[in-house]
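Okay, so here's the structure we're looking at.
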Amino acid sequence: MSSLLRDARRGNVLEVKRRLALGEDAEQVDEAGDTAMVNAAAHGHHDVVRVLLAHGASPEAQREDRPSALLRATQKGCIDTVALLASHNANLESTFADGKTALIYACFHGLALIAKVLLEHHASTEVADDAGNTALHYATENGNTKIVQMLLGAHARTNVYNYERNTPLLIAAINGHIEPLRALLKYDADVDLPNDDGWTPLLCACDYGHVDCVKQLLAANAAVTAVTSNGSTALLLATKKGNTDIVRVLLAQSETPLEARLNSGGMTAVMIAAAVGNVTVLQQLLDADADFTATNHDNKTALQLATEKGHSACKALLLLRQQHPALYFSKSGQLDQLVRTRKALNDKDDTGRTALMLAAAEGHTHIVSYLLQHNAAITVLDNNGASALSMASGDCRRLLEREVLCRIVRDGDLETFEEILQENPALDLEQTDETGTTLLMLAAANGHPELVKLLLDRNADIDAAQAEGKTALSFALEASHRTCILYIGKERAFRERYPLLYHARSGNVEAARACILDTPAKIDERDPDGWSALMYAASFGHDALVQLLLENNAQIGGTDKGGKTAFMVAKDKAAFVKLILEKNATDLRFNEVMFKGAIECDPKLGKEILDAFLVEEGRYSLSFRDLDRIYGKESVEKSALYSILTLEAEDDAQNAVKAHCLQHIIMRRVLQLKWEFFAQRMYVEQCLMYILLLASSVISGCIYQLDEDPNTTNIFSLAFWTQARVTKRPRGNNKTHVDRVDDEGIQMSFMIWFVFVVYVFVAYVIVHFGLKPKRLWSLAGWCRDGTYSGLCAFLWRGAYVELNWGDENIMPDAPVWKAYAKKVLFFHSIFWTGVLCLPFLLYLGSRTNAEMTNVKDQYQALNNMVLWCTAFYFFYWEYKELQGYGLRKYMSNAVNAVQIMVFLLIMLVYVPCQLGFIPETVVVREYQLCMSGTICLALWILSLQYLEVHPTAGYLLPMMHGLLLDSVRFSILYGVFQVGLTCAYYILLQGSDGYESVLHTFITVYFVLFGQIQTGPIDDLASTSPVLSIFSKGLLMFHMAIAIVLLLNVLIAMMNNTLVEGLEKAKLEALASYANCILRLELSLDSRERTEMIYVIKPKFLQAKENAVLLDRSLQTGRDEAKPLLALKKPKKMDAHVGILNPAFHEVVLKSDYKTGYEQKGSATEDFQADMRASISALKKDQAAQLQQVKSQLSDMARVLQELQTASSVESGSASIQD
C-alpha cells in the first residue's frame, strides 16, 4: 500500500497534502481496488476527503463491485462527509452489493440526518433494492416516523409493492406502527389496497392485534367488508385472536358483516368464539345480535361447538341467551332488547340468578333502575345464597340499597329498618328516588308513625320537597295519618324550640357553635325528657360536638327523667371519658358509674380517671382529691375497689384492669386506708378466733378416745358439772381394753388451753375497741403529747378530748404515732391476760393429774362448746359476706363453698355428736373420728387464707391454683399406669402379702411412687415359679422407671414451668388476693359500722338515721339530678349537717412509699407486648398483602397461559379451517 493511501486511511491530512503537492496520484487504488477517497470516507476523515476533492479526486469507486465514497460515508454515519460528497456531484444512486442506495441504507438503519441530506440533494425515492423494498418500505418497517414524513414530503410513492407484495401501509399495519401509518394515510395511501392474498391493511392490523391501527384505518374509511382469499374478514380474524378491543371497535361499525363465514368449514364469528372458548368475545358478538343459531358445514351450532370443546362458560352464556333472553339482556346491559322481550323479570337461570342479580353484578345501573321500577324481587337468593344486593357494587349497590329502604319503609317493617341502622349507622336517610321522594315522605304517605318517629329522631329533613313540591307533612295530610302528623308537628316544634339540641343530635358543629354564640346561657338547656345537648351529642357519637360543648363549659352531670346520664347514653364511652378528662380533669368528682363503664371499655381509661385525682404536693409528696368517694363512703358497691374486683369480663380483661387500676397509687392508698380503718382490726379478730377454732378442733379430736364409754349425762344438768367420774381400770382377759386412762398431760393441756382462751378474749376486746379509727387516732394523740388525765378521759369517753378534728393538720406525724399506739395495745393485751390468768393457773397447778383426769369430761365439753361458738362466729361472718356478694357469686368461689360447709358440719353434726345430742348409735365413734380428722385438715388448709396479707408468703397463694392443676393433669396421666400396674401385680402376686385384694394391691402400687418397694412376695416366687419371679422383677423395674424416673420428673418439670411463669404475675395476683381479702371483710360490715370508720364526727342526718344508706351532703343536695354521673366541684359552706371525715383521707403521703417497682415493670412489659402485637399484626397484614399479590400474579399467569392455549387452539383451528 502506498504512503498516500495509508495516510488517507489514518486521517493524516498534512501528510496527504504534502504528498499531493509532490504530485502523487490521487486516484491510485489499494489491493481491494479502493481509492484514497474511499478509504478516507470509510474511516470518517472528513478533512482528508475535502483535501482530496480539492485536488480533483473522484468520489466514485474505480471498480463497480466496490462501494463508492458516498456509500462508505453513509455507512460510517458521517453527515458532513455525505453532504460534502453530494455537493461535489457524487453519484447518489450508487448501490451496495444488495442493491441498496445510500438513501435506502440510511432509511434501513434509521439515519434520519443523512437521509435528510440525501433528500435535499434530490436522491431518488423510487429506487428499490434487490428485495423490491424502497426507502419508504424500510422507514415504515422500522417505525421511523421522521424519515417517513421526509420521504413522503419528497413525494415518495405510497402504493408501491415490494417483491412480497406488501405496500408501506401494509407493513405499518402488520408492525403496528401507528404514526407512520397515520402519515401514510395523510399522503393518500390507498387504505384498501390488498396484497395478492387479499389482505388489506385493516385485515393485517386485526390479525396482528394492533387496535390503534385498526381505529386509525377505520377512521380513514377502510372497508370492514374486505375478505381474504380464504374468506376471513376483519371480525373473523379478531375473533380468532380473541382480541376483545378490536372486536368491540369492529362491532361499532354498522357495515361489519356479523354472519360472514370462512370458506373452509363455514364457521361464523360466533362459532369461532364458542369453539376457542373466548367468552368475552362471544358475549360481544351476542350483544351485537349475531346469529347464535346458525350452523357450519358440519351442521353444528355455536352451542354444540362449545359443548364439544368443553368450554362451560361459553356454553352457559349461549344457553342463557337461548333459554333466558331477558336475563341475558340484563347481563349485557341491553335495555331496548330487554324491553322488547317482555319476559318475566323474576325468571331464574340454572344457578338461580335473576335478571336483577345479573344486571347488578355487571354494574348496569340503567337495567337495575328499569327492573326496580317494574318491582323486580330484591330479596331472592341464588343457589349459593347470594342476593342482588350482595353482588352489586358502586352505583348499582346504592340503587338497590335505596330501593330496599324504600320497600321496607313502604311495608312499615320497623324491626328490619332498625337492624339496618345498627349495622350501618352512617346510612344516608335523605336518599331520594327519581321523583325526589325521601324515606320520610314514604313513611308519612303509607301511615307508619313508628318509622316517622325513628326517621325524625335520626334528623330526617322535614322541609324536603319532591318534584311536585310536596313535603312529608303534605303526604301525611293527604292520607289523613293523624299520628304521623302529630309526630312531624312535634318534631318541628322541637327544632324551633331547642335548636342547639337539634344541632347536637344531628352533629352539625357549625350550627351548634352559632347557637352557643347567640345564646350561651342555653348550653345546658334540656328538653321535656330531660336530655341536654351533651347527652344528644354523646348518644349519637358526635365527638366534635361533645368537645365543643365541653369547651364551652357544658354541665357534665345530671340525668334525664329515666335516671340516665350522659355517660350511660354515650355511644363511645371510651371517647367520651377521654374528652371529659382532657377538658375538666381538675374539676371532676369521682363517680363509680363512670369508672366502672370506663374500665369495661378500656382498663387504661380507668387509670386515666384515677390519675385525674392525684395532686402533686411538691417533688416528693402526693395528696388525693375525692379520696372518700373513691373509697366508697356511700356504700361498698359504689367504691372503685368493688368495681375492679367484681368486673364480669374475660380473664385477660380482668388481669388488664388489675394491672392498670389495682396497682395505681390511689387504689393502693385506698387499700391502705381500708386496712387501717377496719380490715386490720377484723383480720386480727378473725385470726385470733381462727387460731382458737383450730386449737379447739385439734384438742377435741385428741381427747376423744375411741375405747372410752360414752358419757350419757346431760351436759346441761348440774350433775354433769359437779360429779366426778371414777377412773376405770383395764378389763378383759388380756387387759388391753381401757375405758379411761390417766393422762399426765391433761393438767398442762388444760392450763395452756385456758391461757389461750383468755388471751383470745382479752386481745379480741382490745383489738375490737382499740383499733377503731377514732380511738386509734385518739390513742396516738395521747401517746404523742397526752397526760394521764387525758388517758383516763380516753378510757372513759373513747376519744382524746384535746384533738381538734376540724384542723387539717391535726397530726402531721400520725403514721408514726399510730404504729406506736398499736404496740401499746399489744403490750396491754399481754399484761391483762397475765393478770386474769394468774389466779386460775395457781389453782390449776395445785391440782393432781388424777383430779384433772376426773374432770376430763367437763374439760372436753367446754372445749366443744368453744369449738361450736367459734364455728358459729365464722359462719356468721360468712353469712354476712354471702349477703354482700350474693349467693351465686359467693358460691362460685370453691373456698367459700368449702369453708361454709365445714362450719355447718361442726355446728350441726360434729359438736352435737361430741356433746351427746346425737347418740353414737346414729353416728358411730369411728365416723366421728374420721370427721374430726377431716375437719382438722380442712381448717388447717383454709388457714392459708390468712397469709394473703403477708408481704412475701402472699405471692405463693396465687400460684397454688396452677400447681394444683398440674397435679390434676399428672394424676390423669399417672392414673392410667396406676390402674394398669395394679391389675398386672394382682394377677401375678394375688394372695401375697400386700396383694391380698385389688384394693390392697392398688395401695401397695401407689406407695411405690414414694419409694416404698416390697420385693418380698417377688422373691418368694423364685423357688416355686421362677418364670413369674423374673417377669415380676421386670415389671417392677418397668414400674420404677415409669413412675419415679419418668412421670415424677414430668410433674416436677410441669410445676417448675408453672412457678417460672407464675412468678412474673405473682405480685399482681398477691395484691389482688390482698384486695379481695379486704373486700370480703368490708362486705361483712353493716352501714353503721362503715360510717364509724369513715367519719370521726358523723353528719347529723346519719346520726338521726343510723341504718340509712350513707349519703354525704353533696349527694343530698344533688338529688334533683338523681345522682349525677359526674359533677363539677362547687364550693359550699360547711353547715351543721356535714360531718368530719377521718383525717387520714387528707394526709399527704410520700411518693417513695408507693413505688413498688413491679408496676413500672408490668407497664413496660405490657407496652412491649402491645408493640409486639402491633408488629405481628402489621407483619400479618404485609404477609396477607404479599399473598394477595402472589395470588394476583398467579391469576395473571393463568390467564396468560389460557390466552396462549386459546391462541394455539385458534391457530390450529384456523389451519384446519384453511385446510
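Glycine too: its Cβ is placed from the backbone N, Cα and C atoms.
Those TrEMBL annotations? Automatic predictions, nothing curated.
Per TrEMBL, the feature repeat 'ANK' maps to 32-64 (among others). Residues 4-5, 7-13, 16-17, 20, 26, 70, 72-73, 75-78, 80-81, 84-85, 88-91, 94 of the same chain, all 6+ positions outside the repeat 'ANK' (32-64), place their C-beta atoms under 8 angstroms from a C-beta of that stretch.
Sequence-remote contacts of a segment are chain residues at least 6 beyond its ends whose Cβ falls under 8 Å from one of its Cβ atoms, and for the repeat 'ANK' (98-130) they are 70-71, 74-75, 77, 79, 82-83, 86-87, 92, 136-139, 142, 144, 146-147, 150-151, 153-157, 160, 162. Under the heading repeat 'ANK', TrEMBL lists 98-130 (among others).
Here the repeat 'ANK' (131-163) has Cβ contacts under 8 Å with residues 98-99, 101, 103-104, 106-108, 110, 112, 115-116, 119, 125, 169, 171-172, 175, 177, 179-180, 183-184, 186-190, 193, 195 of the same chain, all six or more residues outside its ends. According to TrEMBL, the feature repeat 'ANK' maps to 131-163 (among others).
As annotated by TrEMBL, repeat 'ANK' applies to 164-196 (among others). When Cβ-Cβ distances below 8 Å are used as the criterion, the repeat 'ANK' (164-196) is approached by residues 131-132, 134, 136-137, 139-141, 143-145, 148-149, 152, 158, 202-205, 208-210, 212-213, 216-217, 220-223, 226 of the same chain, each at least six residues removed from its ends.
Feature annotation from TrEMBL assigns repeat 'ANK' to 197-229 (among others). Non-local neighbours of the repeat 'ANK' (197-229) in the same chain are 169-170, 172-178, 181-182, 185, 191, 235, 237-238, 241, 243, 245-246, 249-250, 253, 255-257, 260; each lies 6+ residues outside the stretch with a CB under 8 Å from one of its CB atoms.
Residues or ranges marked as repeat 'ANK' in TrEMBL: 230-251 (among others).
As annotated by TrEMBL, repeat 'ANK' applies to 265-297 (among others). Counting only same-chain residues 6+ beyond the ends of the repeat 'ANK' (265-297), those with a CB under 8 A from a CB of the stretch are 235-236, 238-240, 242-244, 247-248, 251, 258-259, 303, 305-306, 309, 311, 313-314, 317-318, 321-322, 328, 332-334, 337, 1206, 1209-1210, 1213, 1216-1217.
When pLDDT values are averaged over the repeat 'ANK' (351-383), the model yields 78. Per TrEMBL, the feature repeat 'ANK' maps to 351-383 (among others).
Positions annotated as repeat 'ANK' by TrEMBL: 435-467 (among others). Long-range neighbours of the repeat 'ANK' (435-467) within the same chain, counting only residues 6 or more positions beyond its ends whose Cβ lies under 8 Å from a Cβ of the stretch, are 405-406, 409-410, 412, 414, 417-418, 421, 429, 473, 475-476, 478-479, 481, 483-484, 486-488, 491-492, 495, 502, 505-507.
Taken from TrEMBL, the feature repeat 'ANK' covers 529-561 (among others).
The transmembrane segment feature in TrEMBL is assigned to 687-706 (among others). Long-range contacts of the transmembrane segment (687-706) within the same chain: residues 741, 749, 753, 756-757, 760, 763-764, 767, 856, 859-860, 863-864, 866-867, 870-871, 873-874, 906, 914, 925-926, 928-929, 932-933, 935-936, 939-940, 943, 946, each at least 6 residues beyond the stretch ends and with a Cβ under 8 Å from a Cβ of the stretch.
According to TrEMBL, the transmembrane segment annotation covers 750-767 (among others).
Look at TrEMBL and you will find 825-846 (among others) tagged as transmembrane segment.
Taken from TrEMBL, the feature transmembrane segment covers 858-877 (among others). Remote same-chain partners of the transmembrane segment (858-877), defined as residues 6 or more beyond its termini with a Cβ less than 8 Å from a stretch Cβ, comprise 686, 689-690, 692-693, 696-697, 699-700, 703-704, 715, 720-721, 746, 750, 753, 757, 852, 899-900, 903-904, 906-907, 911, 914-915, 1084.
For 897-917 (among others), the entry in TrEMBL reads transmembrane segment.
According to TrEMBL, the transmembrane segment annotation covers 929-947 (among others).
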For the transmembrane segment (825-846): best-contacting stretch of 750-767, 929-947, 967-988, 997-1015, 1035-1055, by Cβ pairs under 8 Å: 750-767
Cβ contacts under 8 Å made by the transmembrane segment (967-988) with residues that lie 6+ beyond its boundaries: 995, 998, 1001-1002, 1004-1006, 1009, 1028, 1031-1032, 1035, 1039, 1042-1043, 1047, 1050-1051, 1054
The transmembrane segment (897-917) versus listed stretches 929-947, 997-1015, 1035-1055: most Cβ pairs under 8 Å: 929-947
Other parts of the chain folded back onto the transmembrane segment (997-1015), taken as Cβ under 8 Å at six or more residues beyond its ends: 974, 978, 981-982, 985-986, 989, 1036, 1039-1040, 1043-1044, 1048
